[in-house]
Amino acid sequence: MMDMSELGESACYLRQGYQEMMKVHTVPWDGKKRVWVPDEQDAYVEAEVKTEATGGKVTVETKDQKVLTVRETEMQPMNPPRFDLLEDMAMMTHLNEAAVLHNLRQRYARWMIYTYSGLFCVTINPYKWLPVYTAAVVAAYKGKRRSEAPPHIYAVADNAYNDMLRNRENQSMLITGESGAGKTVNTKRVIQYFAIVAALGDGPGKKAQFLATKTGGTLEDQIIEANPAMEAFGNAKTLRNDNSSRFGKFIRIHFGPTGKLASADIDSYLLEKSRVIFQLPGERGYHVYYQILSGKKPELQDMLLLSMNPYDYHFCSQGVTTVDNMDDGEELIATDHAMDILGFSVDEKCACYKIVGALLHFGNMKFKQKQREEQAEADGTESADKAAYLMGVSSGDLLKGLLHPRVRVGNEYVTKGQSVEQVVFAVGALAKATYDRLFRWLVSRINQTLDTKLPRQFFIGVLDIAGFEIFEFNSFEQLCINFTNEKLQQFFNQHMFVLEQEEYKREGIDWVFIDFGLDLQPCIDLIEKPLGILSILEEECMFPKASDASFRAKLYDNHSGKSPNFQQPRPDKKRKYQAHFEVVHYAGVVPYSIVGWLEKNKDPLNETVVPIFQKSQNRLLATLYENYAGSCSTEPPKSGVKEKRKKAASFQTVSQLHKENLNKLMTNLRATQPHFVRCIVPNENKTPGVMDSFLVLHQLRCNGVLEGIRICRQGFPNRLLYADFRQRYRILNPSAIPDDTFVDSRKATEKLLGSLDIDHTQYQFGHTKVFFKAGLLGILEELRDQRLAKVLTLLQARSRGRLMRLEYQRMLGGRDALFTIQWNIRAFNAVKNWSWMKLFFKMKPLLRSAQAEEELAALRAELRGLRGALATAEAKRQELEETQVSVTQEKNDLALQLQAEQDNLADAEERCHLLIKSKVQLEAKVKELSERLEDEEEVNADLAARRRKLEDECTELKKDIDDLELTLAKAEKEKQATENKVKNLTEEMAALDEAVVRLTKEKKALQEAHQQALGDLQAEEDRVSALAKAKIRLEQQVEDLECSLEQEKKLRMDTERAKRKLEGDLKLTQETVTDTTQDKQQLEEKLKKKDSELSQLNLRVEDEQLVGVQLQKKIKELQARAEELEEELEAERAARARVEKQRAEAARELEELSERLEEAGGASAGQREGCRKREAELGRLRRELEEAVLRHEATVAALRRKQADSAAELSEQVDSLQRIRQKLEKEKSELRMEVDDLGASVETLARGKASAEKLCRTYEDQLSEAKIKVEELQRQLADASTQRGRLQTENGELGRLLEEKESMISQLSRGKTSAAQSLEELRRQLEEESKAKGALAHAVQALRHDCDLLREQHEEESEAQAELQRLLSKANAEVAQWRSKYEADAIQRTEELEEAKKKLALRLQEAEEGVEAANAKCSSLEKAKLRLQTESEDVTLELERATSAAAALDKKQRHLERALEERRRQEEEMQRELEAAQREARGLGTELFRLRHSHEEALEALETLKRENKNLQEEISDLTDQVSLSGKSIQELEKAKKALEGEKSELQAALEEAEGALELEETKTLRIQLELSQVKAEVDRKLAEKDEECTNLRRNHQRAVESLQASLDAETRARNEALRLKKKMEGDLNDLELQLGHATRQAMEAQAATRLLQAQLKEEQAGRDEEQRLAAELREQGQALERRAALLAAELEELRAALEQGERSRRLAEQELLEATERLNLLHSQNTGLLNQKKKLEVDLAQLSGEVEEAAQERREAEEKAKKAITDAAMMAEELKKEQDTSAHLERMKKTLEQTVRELQARLEEAEQAALRGGKKQVQKLEAKVRELEAELDAEQKKHAEALKGVRKHERRVKELVYQTEEDRKNLARMQDLVDKLQSKVKSYKRQFEEAEQQASTNLAKYRKAQHELDDAEERADMAETQANKLRARSRDALGPKHKE
């Protein structure tokens, strides 16, 4: 676990302390009564069950004392308190919505915003700053496993980073969630983490290479600062988020081969352009507007001509202008700083700001409408002048382009006037396009900076895209955003649910597929598929007159009521904006408004202004529009690159571009390993610490959090390759996988996991991987860490022990030296006052004074030698200095080499990884091949058993095939008869159609014939359907027979193919095994070599780092030490000279005293003896002193030699410096100790000399006492020497015992570590149990401690005994193995004969066992089924087991107490047993030595056996010579065998060629069949479509005929009515004179209108375009007629006053006129409809003709293919004949071989009888050859049988091809019949069409005839009028005279 102190002040926000967790986990709890119940406010509340369920309902009491009655199904179980505040919700006991919500609520209340949820991380927006993103937190999470550290976004990022390095695979992090959930903040934290972690350890020199510009920062800083720059231009305030990303981005952070940061790039998606010019209330525009207007940089206001009030500018003041807790001025400084870090130049920054400022002025441009015109003009030019100035264009040109754009009409350009609305729209479109292009340029410029050109190998992509949005007004942008989130959610579902479970199936895991019901494909299809929302939108954008209403109508027509995800808007009075449709997304139902969607999708621009921008003096603006391709182009600008204009670029819409970018994004994501972070919105008010339970639950359901936890719990989220698992976790139990034998990786994994004390139901084995439940891999990692810690601890203990033992030895030496000094001082103090000693001290220097000169001369000579040696040492020192210089140079060279090696290290690591992967793959392939080899061997055995059965079945199948052929012939005849009937019926149908056409000339006859034809047609269709059913039934039977035949063919083909495959696979397997073995050896050697090289390099690096720096210092220290030793040596020599001089003086004085005593005569014999002894002692001391001097000189010389040797070795090899240094230090310490001892002895002697001189001069009279004390001193010295020798021997013995004890301790420590490991496992289990038994925790821990101590002792003792026993048994086993091996070799050859005989019997038995095995397999499957059922029942019993586990804990506790008492009693016994075991170990050691001796004797015996074997081989060769006569026949047989093998190989080659040709023909035939079936299906489909079209046409024609007939009847009635009116008008001629004149004018106008209509009909036939214009003219003429009718009505109204008598007649005439107009309009519409139908029929006729031609072409191609198939079949028949001849030849050869075999068997029997005299071994050899020949004969027979099978297969294939050819011919005939039928139908339709035209012309003639009659009536009326006028004139003339009279 992580040390929380590393996190500092952030610890409390990530993980609670131990005390706090104990308070939460130890709350009293009743698991049976505590539940969750639904609540209206908090979604779920805690409650206690009061009464049990009655009638499905339960009474509960909540925490606030409310009593509720709820249904039992509404309750959800509650987890124990120990599961509160869980960091991973997948670990919950009861996984439900209430538990997840409660856990998130508890953690959020403590500001722990991150929580794991299975395989992904959930984060809740805190709406406040938390100190969890500091540098200390980043450092703490680096390199931590997920199970160690608390949940955090850094943990997910670090996991992705480590997965990238470990798996060598690209990673991605998908940070998703609704808008305002905190995605952008988490994205910034992830990028910050990667930038810091990937750059840790870089020195200043390395960071210098990441500088982008002179003023820019490092790559890490640039990546981090890219966010503020993009947020300023792409983020804005929305209703739910103050810093909402209004664009999507996918940031790829690239890393080098070693994980170092290399570069980065950014892809942006769908910037919300509408926000540039429009904001909803409560929202704000992009941040950069308000940053510029903040006034933080006054120079910007001056440069951009802007004020500081946002409300002065229309584009940014439609919503709010400020955001709480956001300082726009500080944000401007941060943005400017970020652009500096990113390397933006001053000109580039100014250009960006100028464009933004120009857009603000752009929005203030005002326009007004000219008086009396619809054209707009500028209402002031101040804003336009400012915008033009900032954009670097002319203000006049800009206004002219906006007000009078040039439009292309044909090949010319026309200046067009614009209305105010059009100008305002064009200004907004230009502003949006300019801002969008500026943003994309900004992203590309940032990518240019982040591209460092460093080598990059992997990347981690971070996706931050706009979250799901449900606003009050949802437009086109929201649809695109929500569609993107829908795709991402489906990707998450596929990765989490579908792909995960498919992986289980591929690996063979026992898994039942779980459908979690989150398929979002219907919604995605609704949006993106053809005829989807976007498709319809793009289609509408193609039509010029399309509108929002037409778009909405098409949406309703295609999806309303048809798609469950498309709904019509529900009425809602609260809704402020109108919604046109609703879409059911995964996050909810979203209403959309389609206002302006067509314009947004087309995104048109004013193409007159764009060239002005392209010529702008602002280079950035000109660059933005440099690659503009058309008015609808949405291609992003690419600065500096001239791209070719694509033809379709101008037609690409926003939706198309968005779909392309989204598909690219999904492709990138699918190529990575994703890591998901789900962001949650806690509440909609942005209040910190408040959680809306219903809102959170909705997001949890939609985001798949609950389903993710469930599948994580039920599935296996962790998996490893077997080789990787073996390599990584073998350390957990090395003994489970022996080193001396090969063990497959899977078997090794099974053994390793089986040997561990873990839950074995938590993992499963797949084909190539081992799968783990959630949490188990973390447990294994903890066990591995513990094991490594123990190993390292043991290694450290050994090292520390060694160092302490050395220190202890040094301390012992110092103690012995102190003891010696103390003893000498005590002895000296004891004798210094003795008179004789005083005399001795005086006399000693006087002795042997004569030798002082000689010694002085020797010392001088020695001094000269030492000076020479000093000169030599000085020369050597100079050599060492030179060597040091060379070593320094070599060190520099090595540093350069090291740098080169570091440069190549990445490649070496990559090659190593590739080699390891290839090794793993090869091992898996070897395993697979070995398994396949075993399977193939079993299959071979089965095939051998089934061979005879198949031969019998072949004969039966031949009979069946003959029967089937007869049946097929019958079916073919029936089929031919059926086709003839169908053809006859078709002809009859054609005749009936002709009859129907003839009967249509008259009305009554037409109706009757039509009804009869319909009845006959229905009957014929019934008959045809019956015949079709019979045909289908027959075809089904034929298909069944073909299927059965095909199955037999496939079975045989599979058998043959399997055999060939087995033979080839066997060879390939053998070759692959050998190649794999060689490759493996080579790889192992390379790996060893690389490992050794790497270790040498590491050693060199370490040695250079540790020794190279100290080299000069060490040499100087050695030189100084040598000089010190020289000085000490000189001082010691001088001291020794003084001592010798004093000794000589003492000796002289002693001699003088002795002479005086002799002269005095007082000397006794005892005194003389004492003097002799003293002289002898003095001589001994002198010799010891000389020996010490010589030893010291030798030591000094050795020191010099070692120093010289060490310097030489240092110059030769740098790697041995450390060992030499240690050795020198050891020797130096020993020398120092010796020098110290000598110095101490010299000082002792000097003090003794001085005291002796003093005593000799002072106490000469006490000579006798001195002699006695000298004797005592001599005795004490002898005792000291003996004691010293005894101590040395004891020291050696103690050292030996110490080494034995150390070896014993090491053995016991090994046992102790293994015991500690098992005890650690027990401790972990007890800790888990102690969590469940909280009250017993402390007691169990105390008992465990005591148990651990006793268990360690017991394990140590038992491990030592087991180790010794294992060694003994291993030695015995080796001896037995060698003995049995060589005994088995002697009898092996005799057993081979018996084994060969047994094999023949075993083959039959194996064939029987194969059948039994199949039956057993079925029974085992049934048992497995039962076992699974029992396991499912066992799962229900786990709760009872858990409860019983508590009782077991109590029992364990009592048992442990008893075990403790027993351990205490057994401790002493174990101690005694340990001593006995040690003695036994010594005995076993001797036994082991004896066994080794016996092993060597066995090896000698082996050599003897080899020599005997060689002799036996020579005897066998002699016997072989003796039976050479019989060998000739064998040679002949071998020659025949070789000949047969040659023929066999030829036949095999021919057979393979035939098989290849056959397979080729099979593929061709299958392809032809497939093409024919496709053609047939296409023709059938087209026939069905044409039948349906013909039926519709027939109905339309019928309706047209009926309508024409009705119009004719109406015309007839109108004519009769006209005649009647004509007569009436003639009768009332005098009353209607004025009315007749008006009627005449009206008739003339109607006649003119009729002529115009006829002209229009002719013009409509000319072309479709002219028809539209004529239709417009007709409408105008109709309006004119209506106006004229109104005038006529007015005139008639005037006449009403004058002509009251003609009122009724006028009305009748007006009604007649209206009826005539209606009839004319009706006739016109009917004629128009007939012409349209005619054109449509002509088009259909052309299509049918084309299709008929295509069918004919396909028929011709099919005939050619059939002919080719016939020729191929003929060729195959010839090949079959050849194969039959070959088969006959093989049969004859077989008989010949059988005869030869019989003869050879006879000869063999004779040879056997003759060879019996030669010995048993020769017989065995011949029998082996006979067996080989028999095997070869069997192989030849098998091959012959296979050849026969191939011949039969070819015969069957030829028959199949013939049959298939016949089928193809029949199909072609049927197709020809269908084509003929179609042609006949086309002809009938043509006839019907001609008849309809004829009828129309007849009606037109009738109409013309009626018109002529009307004209005649009008002429007669005119004549009558003239006559009436004449009569009136006459009457007036007649009346005039009368008046005069």
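Positions of Cβ are set from backbone N, Cα and C atoms, glycine also.
On its own chain, GLY177 (ATP binding site) has LYS183, GLY467, PHE468, ARG678, CYS679, ILE680, VAL681, GLN699, ASN703 as residues at least 6 apart in sequence with a Cβ closer than 8 Å to its own Cβ. Residues or ranges marked as ATP binding site by Swiss-Prot: GLY177, GLU178, SER179, GLY180, ALA181, GLY182, LYS183, THR184.
The coiled coil annotation in Swiss-Prot covers 846-1935.
The feature compositional bias 'Basic and acidic residues' is assigned by Swiss-Prot to 1930-1941.
Taken from Swiss-Prot, the feature domain 'Myosin N-terminal SH3-like' applies to 30-80.
The average pLDDT computed over the domain 'Myosin motor' (84-785) stands at 85. If you look up Swiss-Prot, you'll see 84-785 marked as domain 'Myosin motor'.
According to Swiss-Prot, the domain 'IQ' annotation covers 788-817, on the basis of sequence analysis.
Taken from Swiss-Prot, the feature region 'Actin-binding' covers 662-684 (among others). The DSSP breakdown of the region 'Actin-binding' (662-684), given as helix, strand and coil counts, is 9 helix, 8 strand, 6 coil.
Marked as region 'Actin-binding' by Swiss-Prot: 764-778 (among others). Within its own chain, the region 'Actin-binding' (764-778) has Cβ neighbours under 8 Å at 88, 90-91, 118, 145-147, 504, 506-510, 712-713, 716-722, 725, 746, 749-750, 753, 758, 924, counting only residues six or more beyond its boundaries.
The region 'Disordered' annotation in Swiss-Prot covers 1887-1941.
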Which same-chain residues, if any, lie at least 6 apart from THR184 (ATP binding site) yet have Cβ under 8 Å of it: GLU231, ASN235, ASN243, SER244, SER245, ASP464
Secondary structure at THR184 (ATP binding site), reduced by DSSP to three states: helix
Cβ contacts of ALA181 (ATP binding site) (under 8 Å, same chain, 6 or more positions away): THR123, ASN125, GLY467, CYS679, ILE680, VAL681, GLN699
ATP site shell beyond GLY177, GLU178, SER179, GLY180, ALA181, GLY182, LYS183, THR184, criterion: Cβ within 8 Å of Cβ centroid: ASN125, ASN241, GLY467, CYS679, VAL681
The domain 'Myosin N-terminal SH3-like' (30-80) - residue tally per DSSP class, helix then strand then coil: 3 helix, 31 strand, 17 coil
Around the Cβ of GLY180 (ATP binding site), the count of other Cβ atoms that are within 10 Å: 24
In three-state DSSP terms, the structure that GLY177 (ATP binding site) belongs to: strand
Same-chain residues at least 6 apart in sequence whose Cβ lies under 8 Å from SER179 (ATP binding site): THR238, ARG240, ASN241, SER244, ALA466, GLY467, PHE468, GLU469, VAL681
